[in-house]
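Worksheet: the structure to be examined is printed underneath.
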Amino acid sequence: MIRLLSLVLFFCLSAASQASEKLLVLGDSLSAGYQMPIEKSWPSLLPDALLEHGQDVTVINGSISGDTTGNGLARLPQLLDQHTPDLVLIELGANDGLRGFPPKVITSNLSKMISLIKDSGANVVMMQIRVPPNYGKRYSDMFYDIYPKLAEHQQVQLMPFFLEHVITKPEWMMDDGLHPKPEAQPWIAEFVAQELVKHL
């Protein structure tokens, strides 16, 4: 009898663990915990934030500082095979923009990533990215337009860029003016959680 109860408990726990959805965050330094302990980064805080919204989600942070869309595209197949996520959040493009990469190249890389993710059976959420205005209005506008146009064309969800809110609080930004401090990470985690629960 005890053995039977143990087996029942084992299978119940196994089913519960399998019920947790898996989210892969594919990003750059904005998601990689730049110049801070990784446990303070918003992806590390995200599971608890999602749990507050009633969503049990395992978060895999596949972000690497300095990554471009090309780097993300190159790494994506292995990440999909290794983690088999249910949902992938793409937070890439800032480094492409800072280096002045052609919008056509960025669009192509993002589009290929979306196709790979869809082919794996996972859903996609893409984050809007914006480059600083000192890159010129023409390029900044062309860069910004990549994301809504691609989201509409590929029929994927587009998440607002969290940095547009964070940057309004100077005390939350590092001296480089590009990266959020550890103090901003809990707010970012809650912001992302509120957006993601719409798609989980």
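Going from the start of the chain as shown, residues are counted 1 onward.
Keep in mind that glycine also has a Cβ here, set from the backbone N, Cα and C atoms.
For reference, Swiss-Prot has these:
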ACT_SITE  Ser29  active site, nucleophile
ACT_SITE  Asp176  active site
ACT_SITE  His179  active site
SIGNAL    1-19  signal peptide
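Distance from the CA of the residue listed as 'active site, nucleophile' to the CA of Asp176 (active site) is 13 Å. Compared over the active-site residues Asp176, His179, the count of CB atoms lying within 10 A of a residue's CB peaks at His179. For Ser29 (active site, nucleophile), the same-chain residues 6+ apart in sequence whose C-beta sits under 8 angstroms from its C-beta are Ser63, Ser65, Gly66, His179.
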